[in-house]
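These come from TrEMBL:
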type     : residues : note
REGION   : 1-21     : region 'Disordered'
COMPBIAS : 12-21    : compositional bias 'Low complexity'
TRANSMEM : 85-105   : transmembrane segment
DOMAIN   : 146-278  : domain 'Peptidase S54 rhomboid'
TRANSMEM : 148-175  : transmembrane segment
TRANSMEM : 187-206  : transmembrane segment
TRANSMEM : 212-231  : transmembrane segment
TRANSMEM : 240-258  : transmembrane segment
TRANSMEM : 264-280  : transmembrane segment
TRANSMEM : 287-308  : transmembrane segment
Amino acid sequence: MTGNAGGPAGPPASGDSAAPPTCYRHPDRETYIRCSRCNKPICPDCMIAAPVGYQCPQCVAEGRKGVRQARTALGGQRREGNANLVTLTIIGINVVIWVMGLVIGTRGDTILAEYARASGTNELAARLGLVLGDPTDAFSFGIVDGEWYRVITATFMHVSVLHIALNMLALYMLGSQLEPLLGRSRFITLYLLSALGGSAASLLMVSAPYNISIGASGAVYGLFGALFVVARKLGGDTRSILVVLALNLAFSFTISGIDWRAHLGGLAIGTALAAVFAYAPREQRSLWGLIGSLGAALLITTVIMIAVI
């Protein structure tokens, strides 16, 4: 093999009056090593190992620009590290908030404390859970009292160990499959909009103004619907997904104390949004993803406003 592919240029011959080469990025440093790509002199601080010899930082940066990032079948970015980082982060947030609720407990005789005792929750859940409220009540609290944050904070609230354990287990199982396929940004969009869709449906069909709804179930049902869509798109087995989903829906309608409205709302938004993500033309995935997300957000906002009015 011939050429000076990243090897020493060699010192000048005896009697050569030419000045020794210096690093093109550090002119005060003599060097006899050259970049195997552009042939510029580079010092040890600028040498980056290449398949053949060494390259300079500029050539390495330009080379990276020309490399297309690996994508999944649905356009998600393939990552070498933790592929379900968002899923684990959401689980962590839910667990931390649940522990906070246990630590805070229910103290005193405030309206919220009394409400927490009556509803079988804790004071943090009473403050952050989904409650519509009654505008004619002098001591009203909830969405009608301007506490709009409840539509999202309620989806991170849990009370019992069984409640959070089941939701987080389902979230881990579903998120570990969906997040790598969709990518982090689309997955978190899917999760949050499904959660908000559950809150919107719960508010729209609430049977009493001071009923409280808490939990990540609406978002989890949205992920169930999304997994069905993704499996169908990729030619996977959808029968097992339908069986599990049907069983969970049956429990939602037959066991008291479960907010089936939130489950249906989350399922509807998650399924519809996942269909947009999965079936959008490859060249226009970002555009259709944005349109679908904005459309879902607009629908959710409209439903919430109708419920409040």
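Here the Cβ of each residue, glycine as well, is placed from N, Cα and C on the backbone.
Comparing 85-105, 187-206, 212-231, 264-280 for CB pairs under 8 angstroms to the transmembrane segment (148-175), the maximum falls on 212-231. Packing against the transmembrane segment (85-105) from elsewhere in the chain are residues 122-125, 156-159, 164, 167-168, 171-172, 175-176, 179, 184, 187-188, 191, 216: each is 6 or more residues past its ends and has a CB under 8 Å from a CB in it. Scored by C-beta pairs under 8 angstroms, the transmembrane segment (264-280) has its highest count with 212-231, from the stretches 212-231, 240-258, 287-308. Mapped onto DSSP helix, strand and coil, the domain 'Peptidase S54 rhomboid' (146-278) counts 102 helix, 1 strand, 30 coil. Against the transmembrane segment (187-206), stretch 212-231 shows more Cβ pairs under 8 Å than any other of 212-231, 240-258, 287-308.
Beyond the ends of the transmembrane segment (212-231), by six or more residues, the same chain brings 74, 94, 119, 121, 125-126, 128-131, 154-159, 163, 167-168, 170-171, 174-175, 177-178, 181-182, 190-195, 197-199, 201-202, 206, 237-238, 241-242, 244-245, 248, 258-259, 261-271, 273-275, 277-278 to within a C-beta distance below 8 angstroms of the stretch.
For the domain 'Peptidase S54 rhomboid' (146-278), the predicted model reports an average pLDDT of 95.
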